[in-house]
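Colleague: Among the features that TrEMBL reports, active site, phosphoserine intermediate is placed at 65. Sequence annotations record features per position, and here TrEMBL assigns Mg(2+) binding site to 65, 297, 299, 301. Per TrEMBL, substrate binding site is recorded for 391, 392, 393, 519, 520, 521, 522, 523, 528. Residues or ranges marked as domain 'Alpha-D-phosphohexomutase alpha/beta/alpha' in TrEMBL: 51-89, 119-167. The feature domain 'Phosphoacetylglucosamine mutase AMG1' is assigned by TrEMBL to 214-304, 318-457. According to TrEMBL, the domain 'Alpha-D-phosphohexomutase C-terminal' annotation covers 476-547. The transmembrane segment annotation in TrEMBL covers 191-214.
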Ligand code: 16G
Ligand code: MG
């Protein structure tokens, strides 16, 4: 077939380094950018097959998110903007690892297994982050699409969630929105306007009374708008997109962007991952006491908030705090509209124990725990009318079932609904629209959080005070083969190697309010250790002792882990 001749011809321009093996993991393929050219070309081939198979547009995003600038990566996006299925992740690994001479055999094998109709049209959307290697690597993806005569649309520089949004818009014939960057801003920002204008109505109402006492109507409105926020863009694509969005929200939200890529290095001592792991502010950020700040990661699908208090103490509001704020807000609105919808919060083992306790005991919402990795949380959240999912590292969003969306929509139009219920229903409706339901999205999450804080009249300190995090510590242990660690119960218990879980259990017993677990990383060649306890000293000591147990029982390499203090 002529198509296969074209694949052979073009693939020789994107040769695979012999012997190199890559794995399509939780975050797609990720490696040093130097090793990825063939992987990009072949992901372009696979996206074309997936598009033919699903008769829909597929997305390919070139990014290595929070990894160092020298790395890059690639991820496939399925028709509804979701992650690709496990089966196709397997095909991706097979295709990318096929030695040059076997490429066509593996390709034809996938076509046969999936009964792909090769005469079906194919459409692939491609996007990239700001890494310098992304330019040639995204071209390699486009070459792959072309080799199988697929149509491609190159969105150029976009955030990962923006590309997910485009794919979903395209495949729902515009029902989800318009598949352009402008359409994305319009959808997200219009809702901020309406959410904020609803607030202004309330403020005006309140101010009406104040007027007679203080004649301060204007002052009150001006002190409400615009909102102010400092954003650390991790020197990546998020910063670029914030500048692009600025004109849409100038009078509602003033954003000061730091680490915008004009001088610093991508993800270097900045960004959501740095802030969460180091529990300190990014470099290059000006912060005044009490001022709300947030950090994005390298492809803007993660966000964490923080502030420093008047004593200079740093306070982090991570994914758990964000999930709590959003679910509290949604639950209050559901009560006001009188809708009996099942709301749940989905977390991973990394969720701070205080957040889980608060959600279950005080908020009385259902809490589920899944394995690490967005696709697991997303899947679990789909089982509820409203599923709020967040990893502690700041990756998350909210999913609304079709039934929930319909019920809310009906209420906004019901002539028998009183004003208070209608306003709450309208707010819920607006909230649905501001949320990127395809995947966690730093820009969308930020706009929602800003709106919620404004509506509730809440400061970042009040939000932080909803519950107090238990001190915690994360460590890494190098072992010869991290696959010797096998876990169960959403990664909260180790089933192998023998004796490790028993060792962790007895160490945990030594400390108050303690919890610890270990798991092999999906993105780095290490075993991750998490510990939390009543005090930072206890959390540190426990994390160290568990690291030693891993080192001794799971084949540690290099020096024995040293105590932190
Ligand atoms: C990836 C995952 C993220 C997870 C992290 C864990 C996606 C899109 N990203 O970045 O959700 O928290 O891996 O990394 O699924 P680890 O396995 O190295 O701890
Ligand atoms: Mg990311």
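If you go along the chain as it appears here, the first residue is 1 and each next one adds 1.
Backbone N, Cα and C define each Cβ position, glycine as well.
Where the annotation comes from TrEMBL, it is an automatic prediction and has not been curated.
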Colleague: What else in the chain is close to the domain 'Alpha-D-phosphohexomutase alpha/beta/alpha' (51-89), if you only count residues 6 or more beyond its ends and a Cβ gap under 8 Å?
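Modeller: Same-chain contacts beyond the ends: 24, 27-33, 36, 39-40, 43-44, 114, 116-118, 120-129, 131-134, 137-138, 141, 150, 158, 160, 163-168, 170-172, 176, 234, 237, 265-268, 271-274, 297-299, 301-302, 374-375, 378, 437-439, 523.
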Colleague: What is the one among the binding-site residues 299, 391 whose Cβ has the most other Cβ atoms less than or equal to 10 Å away?
Modeller: 299
Colleague: Only counting partners 6 or more residues apart, tell me which same-chain residues put their Cβ under 8 Å from the Cβ of residue 528 (substrate binding site).
Modeller: 474, 475, 476, 518, 519, 520, 521
Colleague: Per DSSP, what is the residue tally for the domain 'Alpha-D-phosphohexomutase alpha/beta/alpha' (51-89) in helix, strand and coil?
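Modeller: Going by DSSP assignments, the domain 'Alpha-D-phosphohexomutase alpha/beta/alpha' (51-89) contains 8 helix, 14 strand, 17 coil.
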Colleague: Of 65, 391, 522, which recorded positions are close to residue 297 (Mg(2+) binding site), meaning a Cα within 10 Å of its Cα?
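Modeller: Checking each Cα against residue 297 (Mg(2+) binding site), the hits are 65.
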Colleague: Quick one: which of the binding-site residues (301, 391, 393, 520, 522) have their CB closer than 6 Å to ligand 1?
Modeller: 391, 393, 522
Colleague: Of 65, 391, 393, 520, listed as recorded positions, which ones have a Cβ less than 6 Å away from ligand 2?
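Modeller: Result: 65.
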Colleague: In this structure, which of the binding-site residues 520, 522 has the fewest other Cβ atoms within 10 Å of its Cβ?
Modeller: 522
Colleague: State, in Å as a whole number, the widest CA to CA span among the substrate-binding residues 391, 392, 393, 519, 520, 521, 522, 523, 528 given in the record.
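Modeller: About 17 Å separates the two most distant Cα atoms.
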Colleague: If the Mg(2+) site is taken as the center of the Cβ atoms of 65, 297, 299, 301, which further residues of that chain fall within 8 Å of it by their Cβ?
Modeller: 63, 66, 129, 159, 160, 236, 272, 296, 298, 300, 302, 395, 442
Colleague: Taking the Cβ of residue 65 (active site, phosphoserine intermediate) as centre, how many other Cβ atoms lie within 10 Å?
Modeller: 28
Colleague: Taking DSSP three-state, what's residue 520 (substrate binding site) in: helix, strand or coil?
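Modeller: Note: residue 520 (substrate binding site) is in a strand by DSSP.
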Colleague: Need the DSSP three-state call for residue 391 (substrate binding site) to compare against my parser.
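Modeller: The residue in question, residue 391 (substrate binding site), is coil (DSSP, three-state).
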Colleague: By a 10 A CB contact count over all chains shown, which of the binding-site residues listed here is most packed: 297, 301?
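Modeller: Max Cβ neighbours within 10 Å, all protein chains included: 297.
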